[in-house]
């Protein structure tokens, strides 16, 4: 299969120029696979959160406190915090500005904190005003959890694909210009194909950075793509010099 042959070329820089013969369908397939890989951690976190909400509604909905949201601020009975323990973490209702590190969901004084997502102000969640409305909203979402999961996966993959295309366009253009300056035979379309596969290692590094947060993974991924680009330029055939007769 030509796609597997294209993957094998990654370990042989001398064969990088042969990516020009790779069919476009394999280029698109590889970009989609890379996008799915980058979207996987966020999708997994969302599924975990939705599974926890399902457990909350099925097993521990009675533990949800009788709160009120007034003027976009949470008010608890007797100002007492409530922590509900679930299999994957905890759900906390508190009048403080934040919950604990182990919270999957935190209903704080002014915002809803969801693990891995930016806090959401109560101003933006008009459907939640008290305990009954929260239970009703969560029941609607958890009843269609896999539908929402598929929609989110599609959105995440589309976003990652767009970002990869932007990065691919920029890097390919830069590599093409460098190759021309180095008197190498170079076509922009060829570089689009080459860089699609050379992005594999940097994307794997970024994926590890998403799974195990590390400040070094992002600059390391750029160092790797720079090195691979230099190798690809080096192995391109040189332009023939025209000799005047």
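Cβ atoms here come from the backbone N, Cα and C positions, even for glycine.
Just so you know, TrEMBL annotations never went through curation; they're auto-generated.
Because the structure is a prediction, the values reported are computed rather than measured.
For 26-47 (among others), the entry in TrEMBL reads transmembrane segment.
The transmembrane segment feature in TrEMBL is assigned to 145-170 (among others). Within its own chain, the transmembrane segment (145-170) has Cβ neighbours under 8 Å at 31-32, 34-36, 38-39, 42-43, 46-47, 50-51, 53-54, 192, 195-196, 199, 203, counting only residues six or more beyond its boundaries.
Annotation comment: TrEMBL describes 191-210 (among others) as transmembrane segment.
According to TrEMBL, the transmembrane segment annotation covers 216-236 (among others). Same-chain neighbours of the transmembrane segment (216-236): 13-17, 171, 174-175, 178-179, 182, 184-186, 194-195, 198-199, 201-203, 205-206, 208-209, counting only residues six or more beyond its ends whose CB sits under 8 Å from a CB of the stretch.
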